[in-house]
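The transmembrane segment annotation in TrEMBL covers B:16-41, B:48-67, B:73-94, B:106-136, B:142-161, B:223-241, B:278-298, B:310-339. The region 'Disordered' annotation in TrEMBL covers B:417-457. The compositional bias 'Polar residues' feature in TrEMBL is assigned to B:424-434. As annotated by TrEMBL, compositional bias 'Acidic residues' applies to B:448-457.
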Amino acid sequence: MSKTGNDADATETDPNAAENPADAPILGGGGPTVTAERPLEVEGLRKSFGGITAVDGASFHVEGGTLTGLIGPNGAGKSTTFNLITGMLSPDEGTVAFNDEDITGMEPHAIANKGLVRTFQIARELEDMTVLENMMLAPKGQRGEKLWRSVTPGVRDDVIAQEEELLERVWDVLEFFDIDHIADEYAGNLSGGQRKLLEMARALLTDPDMLLLDEPFAGVNPSLEKRLLKHIHGLKEQGYTFLLVEHDMDLIMENCEHVIVLHQGRILTEGTPADIKSNEEVIEAYLGGNV
Amino acid sequence: MSVREDLGNRMPGGDAGLIVAVLVVLYVAYVLAGVGLGYSLRGQLNTVAVLTFYIGAFAMLALALNLHWGYTGLFNIGIVGFMAIGIYVMALVSKPLYQSGGAAQVGGLGLPIVVGIVAGMVAAALLGLVVALPALRLRADYLAIVTIAMSEIVRFSFLSGEFQRFTLFGRRVGFGGGSGLILDFTDPLQAFFETFGLWNAYLGFVDAFGAIVPTNPKPVVDGLVYGLVLLLFVAAYYWLLKRTGESPFGRVLKAIREDEDVANSLGKDTNQFKIKSFMLGCALMGLAGILWFMTQGAVTPNTFRPRITFFVWIALIIGGAGSNTGSVLGGAVFAAVLYQGPRYFKNLVDAALPSFNAPSSFGPAVAPLLSNLNPAPLFYYTVDSIRQLQLVLMGLVLIWLMHNRPEGMLGHRKETAAGIPLTSPRTRTAATDGSTGGDEGGRPTDAEGGEGGERDE
Ligand SMILES: Nc1ncnc2c1ncn2[C@@H]1O[C@H](COP(=O)(O)OP(=O)(O)O)[C@@H](O)[C@H]1O
Ligand SMILES: [Mg+2]
């Protein structure tokens, strides 16, 4: 009922995504159908900044429909890994594959349009835009993103009609995240926690298959953290895949089925939370590093 | 949540009302000053025509710049280059064919004025593309450097002997070099009215106007009507840019201005959007250059110095970047107060004190003030140098604005980037669970959405 298995060769603007926004998998629907068993495969990723090697030959993969944790002390290279995966940085060496397609070195927007969407460690809201404007930005395949459609009399009616549909859908998501009461607020006026919610909600509106969340709980109060986690679990049930960066060990251990440990740009180990907990190297890395 | 309480909402007629009110104030001030000094009706009408001309020109330019800077965050400080390209290409296309023995050193392609205008706009847009392609991929400040360099390169190119005269499609054409280019195409106003078959009606109107201005009414009417035409163009710019801004396209532009990386990681090809926005703005600047200069009889490259670019920036800053209404107001206030104001003031003083003799330099101007506390020579000197002081005045206004009104006349004012008003689409209360939103079939599991209603406290 939702997506068919052609995500891998989806074009940049996926008209279906916008044609039937009501079919969006966010609330209720069946969620994304991930074609690949391992939607994300990272192979030998390396990146240096001058003398610092931030990521040093990291290889790992993420299983479809899971919540996978990526942990490591500060400076381990987690954010850099995200930047390499999502095209914000290009790797010195190594490859990234998403849904069995090599996406190494692609532009961030191309990668996002394939269904791999990230959030930022420091929430990056579009501050002078309202919450609703932030949200309306995200959906793919908006006809009015073509300038001529937006200005040509007559043709613009189509754009307006789609805006109405989008607003409905956006409102659903706002309600789902319980931030509909701040819909008209400028994003710059939100609290840290509200920004995190907005950022995740916005990312979801792009119809991703997989979300990369960079420390979504940093600066979020415990009750909001619980709520966010519940949303994440709910979305996972719908078929979304998550890769979650977090340096709170306990949180990762309680919520992820698979954990990857990064240390000084390399994969130290990976496994189930139980495996990781009992791994002495991990304990050492954490105690030796800067937790 | 009352983020949009501002002047525009309190004005009857909203933004349009606000613009009209400001224009009325400016015109009334000019007319009253003229009346107080006993200007003839002809003089008054000419003053109004000139004022309207510059209000129109600066409003158009500020609107175009607002698309670049206010919406997209593109720091274009080469505006005058796009204006120059516009008028020069328009002249190249629309000037009549070369005839030996004529006044003009070079001819054009002899095509209709409309064709020339479109060609000028396209040329400005293409120049924008050439400038933008390398610069947009780099950091924001590179665009600034590239645009200002481009505008000077354009000026020097038109100055150079290379392009003074050349052959295009077998025609003897050129840009005239430093001595300028005669714009010997049909009077644009005439062309405009002939397009609609109204030229004779217009001439009849001019004759009728003779009742008000008996001797030679045509230049007066021409000036007034051309001013009106410019205001029509301002309205068209406003309409176009409002639709551009209030759309998904405009939303992406706004997002780029705020944080390009975010827009990019949400799947927007930001370079595409920036290039389109830049080219559209450049085309509009080209058109503004055409409309400004095509009635001037001739153009010389040195008219297109960077100061015009800075004037447009001041106009935009006065009005407040990010708002189309603000851009129009900023253009109008800049034209009336800072651009025409000092010149008009000098004329007033000249008329009021016809016999004054301004000292020729600063020394003689201040000496009387120091020796016998006579401020008059300094005052005369100041008024006499008003054109130079104009820039100082603009600088002072700019500094004052930065300190007191950094967001422009209208204060913090952002027009919503959406094609529809962004208010809750819920017409009925969503209090009852289960039936939230989607009434279309195919979503039987909607009840899961009930999660949104729960709260962990
Ligand atoms: N743009 C950059 N320029 C230079 N050094 C960087 C840059 N980004 C990250 N680094 C360095 O790379 C290392 C890894 O950083 P990061 O990926 O942010 O770690 P983490 O997210 O795991 O805390 C750090 O030493 C950091 O200082
Ligand atoms: Mg980090």
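Note: Cβ is positioned from N, Cα and C throughout, glycine not excepted.
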Residues of the parent chain within Cβ reach of the transmembrane segment (B:278-298), under 8 Å, 6 or more residues beyond its termini: 56-57, 60-61, 63-65, 67-68, 72, 74, 76, 79-80, 82-87, 89-91, 113, 116-117, 120-129, 131-132, 136, 180-183, 185, 187-189, 226, 229-230, 233, 237, 244
Selected stretch (most C-beta pairs under 8 A with the transmembrane segment (B:48-67)) from B:16-41, B:73-94, B:142-161, B:223-241, B:310-339: B:310-339
Stretch among B:16-41, B:73-94, B:142-161, B:223-241 sharing the most Cβ pairs under 8 Å with the transmembrane segment (B:310-339): B:16-41
Segment proximity, the transmembrane segment (B:73-94) to the transmembrane segment (B:142-161), 3 or more C-beta pairs under 8 Å: yes
Same-chain residues at least 6 beyond the ends of the transmembrane segment (B:73-94) whose Cβ lies under 8 Å from its Cβ atoms: 61, 64-65, 108-113, 115-117, 119-121, 123-124, 127-128, 131, 136, 140-141, 143-144, 146-155, 158, 168, 173, 175, 181, 183, 185, 256-258, 274, 277-278, 281-282, 285-290, 292-294, 299, 301, 304-310, 312-313
